[in-house]
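Features of the protein shown, as given by Swiss-Prot:
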TRANSMEM  16-36  transmembrane segment
TRANSMEM  51-71  transmembrane segment
TRANSMEM  82-102  transmembrane segment
TRANSMEM  103-123  transmembrane segment
TRANSMEM  138-158  transmembrane segment
TRANSMEM  170-190  transmembrane segment
TRANSMEM  210-230  transmembrane segment
TRANSMEM  247-267  transmembrane segment
TRANSMEM  277-297  transmembrane segment
TRANSMEM  300-320  transmembrane segment
TRANSMEM  338-358  transmembrane segment
TRANSMEM  361-381  transmembrane segment
């Protein structure tokens with residue numbers, strides 16, 4: 001019996017690992033254009049700010065597609081659905097590799113975004129289902145760790161491959177790794193019937209929960225602020241701080257490494273006081289942005305700011321995801337779809353705001369605008385906490 005229990009625990013951990021690796025792949029491909037922005041712009045003879053709108057397009061497709069596509073797929077067995085999503089993901093990356101102009105690249109990114117919109121709508125609840133008994137929070141933490149590793153390994157490696165070969169090779173490598181992940185899913189995951197996915201009728205019920213709605217608005221505000229600055233951090237480091245491309249790569253690595261710390265801190269401290277944890281995470285996101293321009297030429301200060309910023313954004317994302325699941329236990333997939341949509345409204349809006357700031361004011365001002373949105377997010381969080389009695 002002991003061997004059976006140990007075998008079950010090992011298999012469950014392997015399944016959680018597959019989901020964590022999947023999160024790594026999806027987050028890497030969503031954000032790797034940030035690390036390749038200058039190279040993509042150069043290859044198509046465009047400005048970085050204009051190419052940055054591909055981040056906005058991707059995010060807004062996810063925002064618009066998350067809920068309706070989740071509802072359309074609500075009754076589909078989850079393992080089969082995941083394998084279909086990875087098939088679409090891989091084919092779209094092949095199109096990215098052969099893209100002969102910027103519009104074809106955008107079309108390929110649309111396919112990836114559609115897969116992304118369903119994947120993140122169902123993954124949080126699935127990783128909890130396959131987790132070892134009593135390890136649900138840790139499983140969610142490992143899922144967040146996969147996302148963080150995308151920043152630690154995915155973005156820097158994507159940038160290195162882009163510099164050594166070209167940006168197309170980066171997308172090709174991501175597609176190849178995705179194929180391996182799909183094979184692991186096919187091999188390791190059991191049949192996963194749809195459960196507590198929720199239906200269209202769940203929406204009015206969820207929208208009557210003011211704290212939940214407030215959390216969604218908080219996500220939009222906080223993530224918009226973050227991506228106003230982060231979407232253009234690579235050109236900021238090179239053009240404004242005037243650091244070398246190698247330093248920019250290292251800073252992206254540090255940002256992702258900080259995400260591991262954020263995942264650890266979530267597992268250690270979130271349950272003790274969720275309100276204070278979320279507030280501290282917001283502060284860690286907004287302060288480095290507000291101070292970014294002031295210390296633009298002090299390399300060690302920028303490294304420190306980026307490290308704290310990375311801790312903050314990872315801690316914030318996973319804690320808000322957990323809060324949503326806690327507030328909507330009877331419709332987890334619908335609630336997660338709205339969360340994913342809200343998050344990507346923030347990504348798209350942030351990338352758009354950043355582009356507008358660059359064109360109207362200049363690249364150096366992105367941190368001020370991003371930080372100001374972060375301040376609004378902090379005020380909003382304090383308001384909904386007091387108004388609706390967050391526990």
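Residue positions begin at 1 at the first shown residue.
Glycine too: its Cβ is placed from the backbone N, Cα and C atoms.
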Seg_contact(the transmembrane segment (170-190), the transmembrane segment (16-36)) with at least 3 CB pairs under 8 angstroms, min sep 6: yes
Interface-richest range of 16-36, 103-123, 138-158, 277-297, 338-358 toward the transmembrane segment (247-267), CB pairs under 8 Å: 138-158
Candidate ranges 51-71, 82-102, 138-158, 210-230 - greatest C-beta contact count to the transmembrane segment (338-358) (under 8 angstroms): 51-71
Non-local residues, at least 6 beyond the ends, that sit with Cβ under 8 Å of the transmembrane segment (138-158): 16-17, 19-28, 31-32, 34-36, 123-124, 127-128, 130-132, 170, 173-174, 249-250, 252-253, 255-257, 259-260, 262-264, 266-267, 310, 314, 317-318, 321-322
Interface present between the transmembrane segment (103-123) and the transmembrane segment (210-230) (three or more C-beta pairs under 8 A): no
Any contact, the transmembrane segment (277-297) to the transmembrane segment (361-381), with at least 3 Cβ pairs under 8 A: yes
